[in-house]
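Q: Take a look at this one; I'll ask things after.
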Amino acid sequence: MNNKSIFIKNANQMITLKGSSSTPLTKEKMSELNMIENGAVWIEGDRIDAVGTTEELLAKYKNKLEEAEVIDVTGKIMLPGLVDPHTHLVYAGSREEEFNMRLNGATYMEIMNNGGGIHATTSKTRAASEDRLIEESLVRLDRFLLHGVTTVEAKSGYGLDWETEYKQLRAAKKLDEMHSIDIISTFMGAHAVPADFKEKPDAFIDLIIEEMLPKVAAEGLADFNDIFCERGVFTPEQSRKLLEAGKSYGLIPKIHADEIEPYEGAELAAEVGAISADHLLRASENGIKRMAEAGVIGVLLPGTAFFLMAEAAKGRKMVDQGVAVALSTDCNPGSSPTCSTPFMMNLACMNMGMTPAEVITATTINAAHAINRGNEIGSIEIGKKADLLVLDVPNYMQMQYHYGMNHTDTVIKAGKVVVKGGTIV
Ligand SMILES: N=CN[C@@H](CCC(=O)O)C(=O)O
Ligand SMILES: [Zn+2]
């Protein structure tokens, strides 16, 4: 806990996203940033104590100013710390040779079906010690932090056996304690069919349901239960069975849906009441409609489409049809080896037709809702966790206009300055 109060003043634009804590933003509401010019925030401990113009807060706290740490952000903008709601943070090794193979014409699924892809990272993750996994993941967490990210979701799924899934989930818990970024865990035992179950994927689903889910729930290792629902991986029937079983253990469904082919993943997400359906590059019209009706958040991963050289998800259409859209890196060693959430915002503008205002909503409050944390983070409001990002641009549109650059100046995490002048302190 920080003893000294923090006063951040003179933000050219302070994007608060006020009033969005209870439900994610949809349609034109995704553009309502609730911005304050010459904005200021007062922080006590790990919480936001007051939000307003610099003049208002100077008047309110005039008797406390002398003891406070004052941060002047003149010429810069301030927004909530970014939230990344879909990552495969904890893994070992890298797969640059597969990138080279894809550049030479191989497809992502061909590589996976020949024992590479997720299987290659599974072998490396099984062989790595827990300490090694933590060491490699800490590097990625630092990179996220330097890009202004203050919360990440992290999936297991490179074990495909209990021993390794457990190792990944334990590592995620330790990383949450060791690093300033908050980590929210998802169990993804059904990320691929392991080699020894190739001929009997149903038996693998049963193994997860009977032996893994009870342990995940008993130890409180994850909030969410995810599956890769894709032709050649798990079917919609298998996905339904697993996600329904997870619900009986209190695990909220998430789903990797319609990434490579249309496979009714978006429809299934609506049916099982998933908090989010992710990827959605090939989601059907009906699937998008059903998601909007059921309030399933669409977590779009424009970096994955970019890196797989595939057509991006229809972000513009989803927003217009009432899906609450969030954005994420998908940080993983195969289809999206990046920790730059801001670059995802650039890509969403350029390849999905989303606007600079919408992509801010999609990486703050809607991303927070996609991990069930809308009441705690994702907007600058009194009582919320003091997770704040200061960017060295004079207005929020320049964040997208000067694309592919890291504009992070200062990051405050839970009331502590953790990045200053673009460097971790
Ligand atoms: N598509 C499935 N899973 C990951 C990729 C994992 C990997 O290739 O290692 C994704 O979300 O893109
Ligand atoms: Zn993923």
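We count from 1, first residue shown onward.
Any Cβ shown, glycine's included, is placed from N, Cα and C.
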Q: Let me know which member of Asp161, Asp320, Asp330 TrEMBL also records as binding Fe(3+) at the site of His86, His88, His256.
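A: That Fe(3+) site, as TrEMBL gives it, pairs His86, His88, His256 with Asp330.
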Q: Quick one: which of Tyr61, Tyr158, Tyr166 does TrEMBL put in the 4-imidazolone-5-propanoate site with Arg95, His191, Glu259, Ser335?
A: Tyr158
Q: Report the nearest neighbour of His86 (Zn(2+) binding site) in space among the binding-site residues Glu259, Asn332, Gly334, comparing Cα positions.
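A: Out of the listed candidates, the nearest Cα belongs to Asn332.
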Q: Restricting to the binding-site residues Arg95, Tyr158, Glu259, Asn332, which ones have a CA within 10 Å of the CA of His88 (Zn(2+) binding site)?
A: Tyr158, Asn332
Q: Specify the nearest of the binding-site residues His256, Asn332, Gly334 to Arg95 (4-imidazolone-5-propanoate binding site), where nearness means the distance between Cα atoms.
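A: Going through His256, Asn332, Gly334 one by one, the Cα closest to that of Arg95 (4-imidazolone-5-propanoate binding site) is Gly334.
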Q: Are any of Tyr158, His191, Asn332, Gly334, Ser335 (the binding-site residues) within 10 Å of His256 (Zn(2+) binding site) when you go C-alpha to C-alpha, and if so which?
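A: Checking each Cα against His256 (Zn(2+) binding site), the hits are His191.
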